[in-house]
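Features of the protein shown, as given by Swiss-Prot:
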ACT_SITE  Glu91  active site, proton acceptor
ACT_SITE  Cys340  active site, S-methylcysteine intermediate
BINDING   Cys111, Cys115, Cys118  [4Fe-4S] cluster binding site
DISULFID  Cys104-Cys340  disulfide bond
Amino acid sequence: MKPSIHSLTHQTMQEWVLEQGEKKFRADQIWEWLYRKRVQSFEEMTNLSKDLIAKLNDQFVVNPLKQRIVQESADGTVKYLFELPDGMLIETVLMRQHYGLSVCVTTQVGCNIGCTFCASGLIKKQRDLNNGEIVAQIMLVQKYFDERGQDERVSHIVVMGIGEPFDNYNNVLNFFRTINDDKGMAIGARHITVSTLGLAHKIRDFADEGVQVNLAVSLHAPNNELRSSIMKINRAFPIEKLFAAIEYYIETTNRRVTFEYIMLNEVNDGVEQALELAELLKNIKKLSYVNLISYNPVSEHDQYSRSPKERVLAFYDTLKKKGGNCVVRQEHGTDIDAACGQLRSNTMKRDRQKAVAAVNP
């Protein structure tokens, strides 16, 4: 199975062309064809020699993903189900924001973290995506608009799809390098956000990288007992260890951390929890920001329901009165398979049912 050409960073592209006996500037030409002109085949790279095109075809594919399903919401959200070369499925989501087009990418096939409210963890991790498969998600979303003649460009990226990005650390870093490169898509690092469920040691590593990509942490509870009950990762990285890493990140980078907090009715959404959260954040409140997120129900997790508006507002008001920076996040795609991993999970379920029906007509 040939890798995607998108697996090469600009530096490794330069190394590759030199290994082929070509001049270094050929890497810039290939890069421009891929990311500025966004061609779908090597044959379209008309300023390359036939010999170099043959070598590219022999060693790489341009697009490693196949589009299976596209769901479009009334609010402009678009959800894509892509098939990988090995037949596995991943999701990507485009969201229209007031500041531009934001794409949420997947970094793993399945997830081993096992959050009890999440559709992504219904299917255990099968493998990591390589950086080319992550880059290809952005390129196919951009292609979706290019083909419709819509003069719109992906401007922001959130690494919050299926999987734990910091469990696929090196591929995710190479994805940042490729998509941020000023000769390519040139998406600014500060327009990219990576979200972790709380791998404390990787947060420290990320602080030391010196990249300008934004950091978000999926917190979802203000104390160890509650967080461990809904996120098993808290047993390995309890809040004390997690916040020591977050404080190290802030001290090292002087950059703000966003905390994601999904609102689960009568589980973590009470005024008591809001007060606990305010206390937890009191030493870093100038460089912290809380996103209060409405829960998208998942049939397999029917013990949870979304918090009613009055509980969300009471939580928000309590946190604000304590000096916390917070916002109730805008919802997207509520009329389609909105929850992370839901489209993939539902499609796999239907595929299994069809397979059983074919065997037992």
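Glycine is no exception: its Cβ is also placed from the backbone N, Cα and C atoms.
Remember, predicted model here, so these are calculated numbers, not experimental data.
Positions of Swiss-Prot features highlighted on the structure.
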residue : record                        : Cβ within 10 Å
Glu91   : active site, proton acceptor  : 26
Cys104  : disulfide bond                : 24
Cys111  : [4Fe-4S] cluster binding site : 26
Cys115  : [4Fe-4S] cluster binding site : 20
Cys118  : [4Fe-4S] cluster binding site : 26
Neighbouring recorded positions, C-alpha within 10 angstroms of Cys104 (disulfide bond) - of Glu91, Cys111, Cys115: Glu91
